[in-house]
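Chemist: One structure follows; several queries about it will come next.
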Amino acid sequence: MKKKSFSIVIAGGGSTFTPGIVLMLLDHLEEFPIRKLKLYDNDKERQDRIAGACDVFIREKAPDIEFAATTDPEEAFTDVDFVMAHIRVGKYAMRALDEQIPLKYGVVGQETCGPGGIAYGMRSIGGVLEILDYMEKYSPDAWMLNYSNPAAIVAEATRRLRPNSKILNICDMPVGIEDRMAQILGLSSRKEMKVRYYGLNHFGWWTSIQDQEGNDLMPKLKEHVSQYGYIPKTEAEAVEASWNDTFAKARDVQAADPDTLPNTYLQYYLFPDDMVKKSNPNHTRANEVMEGREAFIFSQCDMITREQSSENSEIKIDDHASYIVDLARAIAYNTGERMLLIVENNGAIANFDPTAMVEVPCIVGSNGPEPITVGTIPQFQKGLMEQQVSVEKLTVEAWAEKSFQKLWQALILSKTVPNARVARLILEDLVEANKDFWPELDQSPTRIS
């Protein structure tokens, strides 16, 4: 019997990640057939440059797929089975400010962590809710697979503000680290490992890694990470210097709890001074991306569109993003795939807030995810997570209530911020920088000396 084929819209069609994801989808058509693929963005000029290349890819590799790029929500979201969302409200220019403003005060400037992550979250909530509402209006049976950052804040916003929506929040960072673990172990794929992991998004720990026969792989991995971080003896592909530093720093992060293996983002919370020291406030990661990947992808897309051929293209398939197909297949075909998702705790972690959005392994089928019970977690992780989940909840409350006070409290609670005064100074700058993107906050009347 012929498999059903699906209609997909990629929300954030103008993203520089879109071409690699489209190539990945075209590479997995046997497992996940597609009849229609649409790109949606509110920036027509940007999306058109990406879409020109994607149109060529599809005509060359799968001409039967109906392709469209649109800025019209009704056209984009009508007759779709899956919405794949990777939006960036404010683009990289705003990310640069998210990073630069905290650094001005000697505080971590990072895309998803600390004040920068809070600022990005405040911009992202409205955009993700808007896409979710379009999907429910025009294709009420569809599922939204959201990998827009900052995933923790976005997931809390959808839990609180759209509690009955068919949205799955997923992150690629654990996937990327597990790819590196597989390389370290000499395995051909991360899928040869069975993992146990818990935490919040960008804030978690692996507690068990086994092979398919049940052999414990943790001792070998822990020994390697304690010496080299997540850097394999031989790299499978070239890694940017800033990412190389991150993977090496896992050595120090792991030392805080040698019984587990950490998510690399914990470096920003456990070693914030080190992160600030190696940052350039005038040239942050956002600048690197704009000058590097963004310039490269757009020049490649322009060339492909001009030549109407991908023969000379250097854009690579984003194999790393194949987890998106795994997730879509799990929903479509009830595969029972085991995946890390960001879901409401609801007892999965016994001694933690039941309403917190936690990142844990789930079994995914046609009705969505079923979290695998983690049990009781240690005081060290519990304490860190309680502080961080409070930051996320207060940020969403601040957005919903337009509350300056609650947003200030979120920054005060962030482990990256040293005190309330610095939190206030950063927030006042962020409010000014984000006036075109955030809700207008009720300016707190309370002044500090």
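For all residues, glycine too, the Cβ spot is worked out from N, Cα and C.
Relevant sequence annotations retrieved from Swiss-Prot are reproduced here:
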type	residues	note
BINDING	6-72	NAD(+) binding site
BINDING	Arg95, Asn149, Arg285	substrate binding site
SITE	Glu111	site 'Increases basicity of active site Tyr'
BINDING	Cys171, His202	Mn(2+) binding site
ACT_SITE	Asp172	active site, proton donor
ACT_SITE	Tyr265	active site, proton acceptor
Chemist: Could you round the CA separation between Arg285 (substrate binding site) and Ser15 (NAD(+) binding site) to a whole angstrom and send it over?
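Modeler: So the alpha carbons of Arg285 (substrate binding site) and Ser15 (NAD(+) binding site) sit roughly 17 Å from each other.
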Chemist: Nearest of the recorded positions to Met24 (NAD(+) binding site) by CA-CA distance, picking from Arg95, Asn149, Cys171, Asp172, His202?
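Modeler: It is Asp172, whose Cα lies nearest.
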Chemist: Report the largest Cα to Cα distance, in Å and rounded to a whole number, among the residues Arg95, Asn149, Arg285 that the record lists as binding substrate.
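Modeler: Between the most distant Cα atoms of the substrate site, 15 Å.
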Chemist: Any idea which of the binding-site residues Arg95, His202, Arg285 has the thinnest Cβ neighbourhood at 10 Å?
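Modeler: Comparing Cβ neighbour counts within 10 Å for the binding-site residues Arg95, His202, Arg285 gives Arg285.
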Chemist: Counting only residues 6+ away in sequence within the same chain, which have a CB under 8 Å from the CB of Ser15 (NAD(+) binding site)?
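Modeler: For Ser15 (NAD(+) binding site), the qualifying residues are Asp41, Ile50, His86, Ile87, Arg88.
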Chemist: Of Asn42, Ala69, Arg95, His202, which binding-site residues come within 10 Å of the residue listed as 'active site, proton acceptor', going by C-alpha to C-alpha distance?
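Modeler: Of everything listed, what lies within 10 Å of the residue listed as 'active site, proton acceptor' (Cα to Cα) is His202.
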Chemist: Need the DSSP three-state call for Phe6 (NAD(+) binding site) to compare against my parser.
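Modeler: DSSP call for Phe6 (NAD(+) binding site): strand.
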Chemist: Which three-state DSSP class does Met24 (NAD(+) binding site) fall into?
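Modeler: SS state of Met24 (NAD(+) binding site) = helix.
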Chemist: Using a Cβ-Cβ cut-off under 8 angstroms and a sequence gap of six or more, which residues of the chain neighbour Ala51 (NAD(+) binding site)?
Modeler: Gly13, Leu39, Ala69
Chemist: Can you figure out which of Glu111, Asn149, His202 (the recorded positions) comes closest in space to Phe6 (NAD(+) binding site), comparing Cα atoms?
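Modeler: Comparing Cα positions, the candidate nearest Phe6 (NAD(+) binding site) turns out to be Asn149.
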Chemist: Starting from the Cβ centroid of Arg95, Asn149, Arg285, the recorded substrate site, name every other residue in that chain with its Cβ within 8 Å, sequence order please.
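Modeler: The answer, listed by sequence position, is Arg88, Tyr92, Asp98, Glu99, Gln110, Glu111, Thr112, Gly116, Tyr120, Ala286, Val289.
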Chemist: Of the recorded positions Asn42, Glu60, Glu111, His202, which one sits closest to Asp172 (active site, proton donor) when you measure Cα to Cα?
Modeler: His202
Chemist: Rounded to an integer, what is the Cα-Cα distance in Å between Asn149 (substrate binding site) and Cys171 (Mn(2+) binding site)?
Modeler: 8
Chemist: For the C-alpha pair, I'd like the distance in angstrom between Asn42 (NAD(+) binding site) and Arg95 (substrate binding site), rounded off.
Modeler: 18
Chemist: Rank the binding-site residues Asn42, Asn149 by the number of other Cβ atoms within 10 Å of each Cβ and report the first-ranked residue.
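Modeler: The residue with the most neighbouring Cβ atoms within 10 Å is Asn149.
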